[in-house]
Amino acid sequence: MPVSTRSKAISQEQNGPNPNQKTRPPSYSNQEDSKMNVPLRNPHHGLKEKMKALTLLYEQQKKSSSIFRNPSPKPEEKRFSTHPSADLLNGCKREDKDSKETKEPKQNNVMRENALPTLHSANPSSTVTRTFVLPEPPVDDAKENLVMGPDRVIGFLTCPRKTKDSSTVARKLSMGSSVSQTEPRGFIRPKNVQENEKLETVSEKNDAGGSRILVFVRLRPMAKKEREAGLKRLRGRHFTFDAAFPDSASQKEVYSTTTADLVEQVLQGRNGSVFCYGATGAGKTYTMLGTVENPGVMVLAIKDLFTKIRQRSCDGNHVVHLSYLEVYNETVRDLLSPGRPLVLREDKQGIVAAGLTQYRAYSTDEVMALLQHGNQNRTTEPTRANETSSRSHAILQVVVEYRVRDNSMNVVQRVGKLSLIDLAGSERALATDQRTLRSLEGANINRSLLALSSCINALVEGKKHIPYRNSKLTQLLKDSLGGACNTAMIANISPSNLTFGETQNTLHWADRAKEIRTKACEAQEEIQLPECETDQAKLLLEVQKENRELRVQLVHQQQKLLSLQAQLLAANTSPTPPSITSIQTPPSTAIPEKRKAARPSFLGGKLFHTRIEKKRRRGSSRQRASADCQGIGGRN
Ligand SMILES: Nc1ncnc2c1ncn2[C@@H]1O[C@H](COP(=O)(O)OP(=O)(O)OP(=O)(O)O)[C@@H](O)[C@H]1O
């Protein structure tokens with residue numbers, strides 16, 4: 001500003017002084033000044049005047065703006081009123097410089113929503129601005145999805161609470177044009193994923209009072225037929241999930257990334273569920289059960305569970321119970337002991353199948369045998385889409401109970417439940433078989449999956465009523481979806497463009513499921529105080545002791561009674577019976593006089609005499625009989 005004024009002043013000087021020169025009103029700008037084209041008498045004098053006027057103007061404006069903001073400002077506050085952050089905080093009019101600074105925090109905010117935490121924490125200079133201008137939104141409310149461009153790009157990024165660098169892993173999955181025969185673009189090697197996922201343990205997710213469902217995607221390898229059919233390039237659409245497994249991913253990689261953490265949590269008394277979702281033939285059963293050479297999540301989880309139990313067996317008792325059921329055509333059936341359909345009931349533990357067999361398992365081998373037995377009972381049929389298509393939803397439940405005495409001799413009991421679910425494949429009626437039973441099965445499968453999608457929708461939209469009751473499957477999954485449970489979903493997809501629609505549908509629901517938050521999963525732990533137990537034990541011992549003493553007394557009394565009866569009998573038969581009063585009653589059995597009279601006792605009452613009389617008669621008849629016998633014998 002002074003420079004331009006000086007140059008103007010010089011040019012004005014060169015043009016000669018203007019006698020009509022007037023002191024400019026302070027509100028004039030430099031441009032207006034130049035337009036007026038009024039030469040100054042003394043350039044230095046004019047400059048000084050201008051400086052003064054402008055300083056005055058600046059002071060006035062500053063005063064008025066501070067009064068506008070704060071009617072009674074304290075001198076200290078006034079000092080800081082020009083701080084950009086304070087200006088932004090108060091929302092007053094900004095100058096160009098300030099407006100530049102306001103743009104910066106906005107950018108920061110966008111980054112906070114969408115970029116990895118390291119990105120916004122990498123700029124220490126913006127700390128002040130962030131603190132005052134746009135405080136970081138609470139994690140729960142933070143929107144994690146980003147929509148970009150005409151093709152929807154959904155960026156699901158790591159939990160914003162994480163501070164570790166995960167920028168190396170863009171967990172993004174591309175569909176359509178990205179499908180290639182070798183490794184589809186966007187698929188991330190689980191090695192990287194694992195490194196990243198390790199950061200996000202289930203327990204960490206729980207501290208905010210609830211955890212979101214972790215969603216993984218697994219691509220199966222191309223089948224021969226599909227390869228022959230070739231590939232068709234389609235317009236791309238991008239999804240991002242917690243991890244995406246390429247067709248080369250091993251079963252162990254899938255297990256350790258998706259389920260291993262949940263197994264650990266179950267041992268600590270929390271509930272966990274893993275379910276495979278996807279179109280028919282997409283690889284759900286392969287992921288869950290696997291083959292003998294390549295066992296799947298169910299088998300690996302059981303193995304891991306028993307290994308962990310063995311490692312910890314020195315400090316407590318673990319009891320493992322197992323149940324395996326299927327939902328077939330809207331009926332619940334026990335796979336371990338098939339019989340009549342089971343009825344679902346809701347109790348304190350949640351939805352339970354009444355009468356479901358709970359097997360106690362002691363080793364991995366035993367569980368394997370049970371699993372095999374259960375799978376033989378499972379309904380699978382060949383369809384056009386899959387040779388061994390599962391026509392039912394199968395749920396393996398493993399309940400781990402742990403009892404241990406702590407240092408204070410309290411009994412600590414923890415119960416955790418792991419549910420491993422292999423859903424039947426969603427399918428188009430035409431894609432499978434047209435036969436009546438198959439189409440009925442297909443309709444029921446689709447119906448339950450539709451009910452599942454309605455529940456997912458309701459949960460994502462935060463509705464009060466979640467329609468779990470619409471199908472048996474959703475009733476059984478109630479805990480996994482909306483309960484206190486750590487849940488992982490594995491969406492299985494096929495690389496074939498023949499199933500593009502189904503794959504798109506699977507990814508759509510998987511993407512939606514990411515937004516579901518389950519309730520806080522507290523460890524189910526009970527502590528029993530030792531006093532209670534010892535008190536009960538003491539009481540039991542006392543009762544047992546008393547019981548023993550009473551038995552001894554009873555035997556004693558019976559003996560005495562017998563001897564008394566014998567004496568009486570002898571007295572009755574003898575010519576001079578001893579007086580009854582002379583018979584000494586032991587002090588312990590002495591009966592008070594009053595009671596003696598009141599009780600219908602056989603000692604002095606009618607009953608006693610009647611019996612004695614009967615015995616006497618019997619005795620005399622026996623004597624007669626023996627005499628008769630002797631007579632007969634003598635005769636012989
Ligand atoms: N990751 C994989 N690696 C090797 N083969 C696989 C893989 N995933 C699936 N398959 C094979 O693909 C075929 C179909 O898989 P699978 O039976 O698991 O599908 P599904 O989703 O359970 O189907 P459905 O819903 O009809 O039961 C099987 O022959 C299976 O062995």
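Cβ from N, Cα, C; glycine included.
Because TrEMBL annotations are produced automatically, they should be read as predictions rather than curated entries.
So that you can see what the record holds, here are the features copied from TrEMBL:
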- 1-31: compositional bias 'Polar residues' (COMPBIAS)
- 1-49: region 'Disordered' (REGION)
- 61-124: region 'Disordered' (REGION)
- 92-106: compositional bias 'Basic and acidic residues' (COMPBIAS)
- 212-516: domain 'Kinesin motor' (DOMAIN)
- G278, A279, T280, G281, A282, G283, K284, T285: ATP binding site (BINDING)
- 540-567: coiled coil (COILED)
- 573-597: region 'Disordered' (REGION)
- 573-591: compositional bias 'Low complexity' (COMPBIAS)
- 611-636: region 'Disordered' (REGION)
- 611-621: compositional bias 'Basic residues' (COMPBIAS)
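Per-site Cβ counts within 10 Å over the binding-site residues G278, G283 peak at G278. Secondary structure at K284 (ATP binding site), taken from DSSP and collapsed to helix, strand or coil, is helix. Of all Cβ atoms in the shown protein chains, 27 besides its own fall within 10 Å of the Cβ of G281 (ATP binding site). Close contacts with ligand 1, defined as a Cβ under 6 Å from any of its atoms, occur at G281, G283, K284 among the binding-site residues A279, G281, G283, K284.
When Cβ atoms from all protein chains are considered, those within 10 Å of K284 (ATP binding site) total 29, not counting its own. In the shown protein chains, 24 other C-beta atoms lie within 10 A of the C-beta of T280 (ATP binding site). A 10 Å cutoff on Cβ-Cβ distances gives T285 (ATP binding site) a total of 26 other Cβ atoms nearby, all chains included. Figure note: comparing Cβ neighbours within 10 Å for the binding-site residues A279, A282, the maximum is reached by A282.
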